[in-house]
Amino acid sequence: CSVQWKWLKIVRVMLCTSPVFTKQPGSIVFPVDSQEKNREVVFSCEAQGSPSPLYRWKLNGTAITPKSGSHYSLSGGNLRISHLDKDQDAGTYQCLAFNSFGTIVSREASLTFAYMENFKTHRRSSVSVREGQGVVLLCGPPSHSGDLTFSWIFNEYPSFVKQDTRRFISQETGNLYIAKVEPSDVGNYTCVVTNTVTKTRVQGPPTPLVLRSDGIMGEYEPKIEVQFPEIVHVAKGSTVKLECFALGNPVPSINWRRMDGIPFSRKVDVRKASGVLEIPYFQQEDAGTYECVAENSRGRNTVKGKLSFYAPPHLIEKPQDVQKPIDDSLVWECKATGKPKPSYRWMKNGENLESLEERIQVANGVLSISRLTLSDIGMYQCVAGNKHGEVYSNAELKVIAVAPDFSQNQLRSHTMVKEGGDVLMECRPKMSPWGGISWRKGSETLQEISILDNGNLRIQNATKPDAGLYTCVARNQFGVASSSGTLMVKEPTIITTPPSTLDVTVGESIVLPCQVTHDPSLELKFTWFFNEQLIHFGNHGGYFEKVGGQHSAGDIMIRNIQLRHAGKYTCAVQTKVDSISIAADLVVRGPPGPPTSIHVEEISDTTASLSWRPGPDNHSPVTTYTIQARTPFSLGWQAVTTVPEVVEGRSLTATVIDLSPWVEYEFRVLASNAIGTGEPSKPSKQARTKETCMYGIHRIPSILHAFTRLIVWHFIFKNREAITAAVSLGERKMPLRF
Ligand SMILES: *[C@@H]1O[C@H](CO)[C@@H](O)[C@H](O)[C@H]1NC(C)=O
Ligand SMILES: *[C@@H]1O[C@H](CO)[C@@H](O)[C@H](O)[C@H]1NC(C)=O
Ligand SMILES: *[C@@H]1O[C@H](CO)[C@@H](O)[C@H](O)[C@H]1NC(C)=O
């Protein structure tokens, strides 16, 4: 409602809220007692809201005015009524709370007066009965309001009549029943009535009971004198008491049962059930037909009555506060449970809502209002009720009417689009209801075709003449407003020199070009990707470098190209109006990779035939293979003689010759192409050449070989670590020495 600027420049917004009850009045029973001097009651009522709510009260639907001097006074929302008067003040009260948002009305609270007058009659004629007969002594309570309890004095106070199977006092009527009179019953009986609210107690005139001397009454069947109504409505959760008592000779026994055969629930104390059946905390399942059975040796009699369940309404769906633009429509739903089924009515600002106009409809708890106007603003209440009570819920309806306003949402002052591109110019004024939007370019009104439903303007396939000053004009019944912005059409960016697929050799350096033409007024940004990964210049071991010196060139250089630099290179160019990219593949040629799967196929005393598989050719075909061998005696790897002498790039087998018999050999293969010789393959498994079959000539060298080998093994075992180190440094560079 108000906005206050504090010195710290903190904006404090006092939230404005509609009234909501925090306390509602409850019903009051006022005991009328002549001794009480200060006869007054207070109905409480309290509501929250901002601005703070004010209050009014109604009695029986009519406003009451607490003027000075009247016996009403208001303090906050509470209503105090002094000098209470039974005739003037009894009735139904409701509190109304209101602020600038509207009025809400509280639930109904009744004021009743509890009182009891004295018995009018002073004398009662005597009742004479035969011994064995049943008798009813009437109490006939005086005029009163408030619940009563009854007891009877037998002869003199404080001798009260005790209830048993033979004697019963109805708490409904106050009457005393004696099923079968005995001589000891003769005496004076006085009904004592207590008002449970006022706590006053009055005594009736005594009724003398006398015995007739004309004989004794014989036996007869039970005659039910006290019975409960055919239908009793019992509120959920309340306690119900049913009375049943019969006269008869012999004294009848009283029993209870349910007609549907269901046994009594445990909460019903059946032992207590003589003349009264009490069901505490009544629930739906306790509803049904109950029967009282009075029985003696002469016969039996029954009465039946139905207990029906009822529940006051309970809201399960309530209307919620809403804010709607003018001319819009509103639907509010209200749902309540209850038995019988609740009916609904609606109130607006404390008054019953009559659907005088066709646009306001009320049906089955649903309120709908079409074409909202400012006069619909207010507090609405749904009241769900059945004959056992009413519940109220409230909700606020705000209807907003605002002339078009661009102050929060001006058009973008500059919008750019590339030639041939699409652009959306957004127009988002505040207005309620949403009226019409039109667009102008310069002074010319634009066709509606390009205006979208939400008021935005779409320009497709922009051309240079589309550039200019655009104005969005918003209009509703409360006014017109406009906002303008410039559209600039820019030349698109075009890549003139794209990178193309390149074929290079390891170790070379190349430039990948990326040159563009673009709108000179726009800034360019180049980014490069290698296999979709952003290239961070300066990283990657310094291989990549930006060399595009001029403004519209994004060229890069790759120095000392390695095999791993082969792949896809993408140049991406971005301006404020567009972004394009182009990719090229880089092929890197190098010496072949190592052959694989070296296998000794066959071995004799001086030859071994080998096979292998080709390794990668790195984009240049293998021209030749060379084979190397190693024995425990040789100084590292040494070239060997093969057949054929030159192993061509196409062949994958060769035979090594001139080997020594009975020696362990390992072989490896190296591939060469036009660029060079690649890494050697992994060594083959060790294979031993056969002994020579020509005894005498070749045997000696092989014995010598065996001897030398012994020395070598001895050396290896003594210097294992040194050898391992030496071997890992490279077989060729540091041969073993001994
Ligand atoms: C209010 O209405 C009740 C019930 O109709 C009635 O008994 C009572 O007298 C009325 N009170 C006043 C002040 O009119
Ligand atoms: C009953 O009351 C009458 C009159 O008060 C009195 O004469 C009579 O003795 C009383 N009877 C008994 C049994 O107390
Ligand atoms: C865009 O405009 C140009 C020039 O007016 C025209 O040749 C082209 O067909 C248009 N493209 C589209 C998709 O409308």
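Numbers run from 1 along the shown chain.
Glycine too: its Cβ is placed from the backbone N, Cα and C atoms.
Curation plays no part in TrEMBL annotations; they are all automatic predictions.
Now, the feature entries from TrEMBL:
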SIGNAL    1-22  signal peptide
DOMAIN    19-112  domain 'Ig-like'
DOMAIN    117-203  domain 'Ig-like'
DOMAIN    222-308  domain 'Ig-like'
DOMAIN    313-398  domain 'Ig-like'
DOMAIN    404-488  domain 'Ig-like'
DOMAIN    492-581  domain 'Ig-like'
DOMAIN    594-692  domain 'Fibronectin type-III'
Two-stretch contact, the domain 'Ig-like' (222-308) and the domain 'Ig-like' (117-203), at least three Cβ pairs under 8 Å: yes
Maximum Cβ pairs under 8 Å to the domain 'Ig-like' (313-398) - stretch from the list 117-203, 404-488, 492-581, 594-692: 404-488
Annotated stretches the domain 'Ig-like' (492-581) and the domain 'Fibronectin type-III' (594-692) touching (3 or more Cβ pairs under 8 Å): yes
For the domain 'Ig-like' (313-398), residues assigned helix / strand / coil by DSSP: 3 helix, 53 strand, 30 coil
